[in-house]
Amino acid sequence: MDDSKKKRGTDYIEELILLYEDVPNPVQTDDMNHEVELTFIQPPVITLSTLLPFATSQESYILFTVTNKGVKIRNRINLSKIHGLDLKNIQLVDSIDNIIWEKKTLVKEHKIDSVALVKYSTEEKYIFLDYKKYLSAIKLELVNVVQVKVKHVTVDFKFKYFLGSGAQAKSSLLHVLNHPKSKPNPSLEFEIITTDEKIDSASLRKELIALFKLVFMASPSNIILDVVFKNPVQTILLKKNELPGIDLTNLYVTTKTDGVGVLITVTNKGIYCFFTHLQYTIRYDTTFESNESVTLYGEAVKQNNVWQIYLIKLITPKVSDRFKEKEYVEERLQNICDRMTFKVKKYEGPFESHSEIIDLLTTYLPSQPEGVVLFYSDQRNQPDYKIKLDNTTDHMINIIYRYMSSEPVIFGENSTFLEYKKFSDDKGFPKDYGTGKLMLTDNVRYLNNIYCIAFTNVYEDVGIKNVVVPIKFISEFSATGELIKPRIDKTFKYLYKEYYGNQYQIVVAHIRDQNIKIGDVLDEDKLSDVGQHYANDKYRLNPDVSYFTNKRTRGPLGILSNYVKTLLISLYCSKTFLDNSNKRKVLAIDFGNGADLEKYFYGEISSLVATDPDKEAIGRCIERYNSLNSGIKSKYYKFDYIQETIRSVTYVSSVREVFFFGKFDLVDWQFAIHYSFHPKHYATVMNNLTELTASGGKVLITTMDGDLLSQLTDKKTFVIHKNLPSSENYMSVEKIHEDQILVYNPSSMSRPMQEYIVKRVNLTKIFSEYGFELIDCVHFDTIIERSKRFINSVSKMEERKSTKNFFELNREALKHEGTDIDDLLRYYIVYVFSKR
């Protein structure tokens, strides 16, 4: 690194002072404020952590801005004056209670380099009476700011979330807090405070130097911010089952340090260290005398205020192998800096056999929390490999904010915590990876006034006591899903690039590898068992079979069944029907592709937890929810989907991972009870239902009438779609056992499925034994017959587009001449149970 071509912290200070010297002398009668500031465009995230302990103010507010040719007219409302987060943008504009805005005019701007610029602007009061005429021109931002103010200078670290325009009739505030792609835009500003007299440059320089030392943890003369870093060493996971096939030629093993990556250039002018957790370079004095520079990549830890640098790779000068790199560092880079010591590690190898290296790893791994690195000593074009006892992964997490509350903190029975959504990276897009709880303790604090989280004692090995991150950040997780610590370097990458943690496929590979023990990699039987486990997904009815086609043809049966479900859900979500004004909390069992998501939206529920054993159906449902939620996002209910079956003894604990306490007002079990309701599952199913259903809660069930099915003597075929060929236009039902039928609908199913026969007497008896009372029971044909007059007449008056289309579909479905729909509808039944 050539320091002569890079701006130092002192250069930024001088640029700011130089601009300030050009500002006119203050006039006491002048109502105009002269603002001179230095702005870092993509500041290191760590600077928030260094600034916060000395903050003179911390706050969040909504900023309203109208911009026109270098002029900004601004107003703001402190977030403490806004109740709840579900206000639409237009409502936020209506909350403005001051017609006196601030007019900011840009006089001069100079971009110093890619990371910083200086600006001189004037500020004055501006009476803006008719601002509501310019709603579409008003830009709204949520601003979180931490400020340190000294005599002549203020330092502001800001996170800005773009909310959209003032004309938008949607709640962007809640959306940006909850959506992973709505990232905060950070900035770091050093502003000179206007006084009645011009401040002398020496005083300013002294204050700015002190502030730079505070913020960047080094003298400004030794700070270089404009650095583009690319990791020179690629290290990838070596799957344990690949160990027996790895090339042993020149293969060596060394331990991995729990430090931070550092790219170092050593010259006779100084040692330049780019720290990955800081994302900038610090220069250190050196006694190194050679005219040839040395560049290396290593891992750094801090002990007694001295950096210990462990060599990973020598970049320049180039030598023939890794052992010569090690020798070079040992000979040339010893005792050249008081603040830094260069070290090398012991290399184990070479290996004569795979069993030898496996024996070594079996001994090493339990005592190495960060794992080991395998590398080839010759300079072949291959990455390094890592193996860990605990395959940690990096995920983007987003704290969850709820519909009405401005506080995400949840007060549990024995703990206080934040709930978060976890994401992995799917080719630059966030992929939902479940939810979790972040426990609030003395070492983890939620900073509610600036929407940030402070972690203590997680980076002590590198000399940092406190780390502060926004409510959206990248964190390291253990193989069991426990949050270990925030990743500062990866959070920097998330904020400024399209990065959401490890790629999803990499996460899956890490988790699968975790199930293999290092000592089992030569045992073919155990590896075979693991492979069989992945091939046979335990949650599917038959792991080798896909039961449903991707292209389903919806006919009259599907449309009319959907009508029945719509009535059922609307009725039991109604606040007036049950005289209950509270929004319902819903548990949906075997929810499938999520065809009823929209019904519950119109039912105005507060939350829905869905379960299903089929991960493919879960994926399609989540896609559907995200699509529905992309329009009026913040008004959609909270939704979680977990892969689980009601037949499992772990069902309740799995649900509790996302629904921490309380019980459900509604349990939705549509067209699926016939896969689980059998004597061998009664106890488990009913215990799960009892545990999760609130007193007075309702269980909504739709299924086929077992009493009618039990009377079948041979295969019965119903024509259900007159527009399809005869090979696809039917649904067949065949009794194959006293308690089982075989159902096949070729228009939507790839093969027949077995279902249990659910008889009314058995259903009501078992439910009654567990405290559930049958309060409603009706066949589909009865509901449709009662609804025909309404569908064919009164519903034609409906004008709302979506509802109008809904009834038009049902009117067409009722014209099902030439089919057996009426007969088939007799076989479908609704049960509603209420918990005593």
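Note: Cβ is positioned from N, Cα and C throughout, glycine not excepted.
Taken verbatim from Swiss-Prot:
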REGION    1-532  region 'Triphosphatase-guanylyltransferase'
BINDING   Glu35, Glu37, Glu189, Glu191  Mg(2+) binding site
SITE      Arg74  site 'Essential for RNA triphosphatase activity'
SITE      Lys104  site 'Essential for RNA triphosphatase activity'
SITE      Glu123  site 'Essential for RNA triphosphatase activity'
SITE      Asp156  site 'Essential for RNA triphosphatase activity'
SITE      Lys158  site 'Essential for RNA triphosphatase activity'
BINDING   Leu541, Asn542, Lys565, Asp590, Asp612, Gln670, Phe671, Ala672  S-adenosyl-L-methionine binding site
DOMAIN    552-836  domain 'mRNA cap 0 methyltransferase'
SITE      Lys599  site 'mRNA cap binding'
SITE      Arg624  site 'mRNA cap binding'
SITE      His674  site 'mRNA cap binding'
SITE      Glu755  site 'mRNA cap binding'
SITE      Tyr828  site 'mRNA cap binding'
Determine which residues of the same chain, besides Glu35, Glu37, Glu189, Glu191, have their CB within 8 A of the center of the CB atoms at the recorded Mg(2+) site, and list them by sequence.
Val36, Leu38, Thr39, Lys119, Thr154, Asp156, Phe190, Ile192
For Asp590 (S-adenosyl-L-methionine binding site), the closest of the recorded positions by C-alpha position, picking from Arg74, Lys158, Glu189, is Lys158
If you count Cβ atoms within 10 Å of each one, which of the recorded sites Lys104, Arg624 comes out on top?
Lys104
Could you check which of these binding-site residues, Glu35, Glu37, Glu189, Glu191, Lys565, Gln670, sit within 10 Å of Lys158 (site 'Essential for RNA triphosphatase activity'), going Cα to Cα?
Glu189
Going by DSSP, give the three-state secondary structure for Lys565 (S-adenosyl-L-methionine binding site).
helix
Starting from Ala672 (S-adenosyl-L-methionine binding site), work out which of the recorded positions listed here (Lys104, Asp156, Glu189, Arg624, Glu755, Tyr828) have their Cα within 10 Å, and give them in sequence order.
Glu755
With H, G and I counted as helix, E and B as strand and the rest as coil, say where DSSP puts Tyr828 (site 'mRNA cap binding').
strand
Starting from the Cβ of Lys599 (site 'mRNA cap binding'), draw a 10 Å sphere and report how many other Cβ atoms land inside it.
18
Going by C-alpha positions, which of the binding-site residues (Glu37, Glu189, Asp612, Gln670, Phe671) is nearest Lys599 (site 'mRNA cap binding')?
Gln670
10 Å Cα neighbourhood of Glu35 (Mg(2+) binding site): matching recorded positions from Lys104, Glu123, Lys565:
Lys104, Glu123
For the recorded positions listed here (Phe671, Tyr828), tell me which residue's CB has the most neighbouring CB atoms inside 10 Å.
Tyr828
Need one number: mean pLDDT over the domain 'mRNA cap 0 methyltransferase' (552-836).
89
Return only the integer: C-alpha distance in Å from Gln670 (S-adenosyl-L-methionine binding site) to Tyr828 (site 'mRNA cap binding').
11
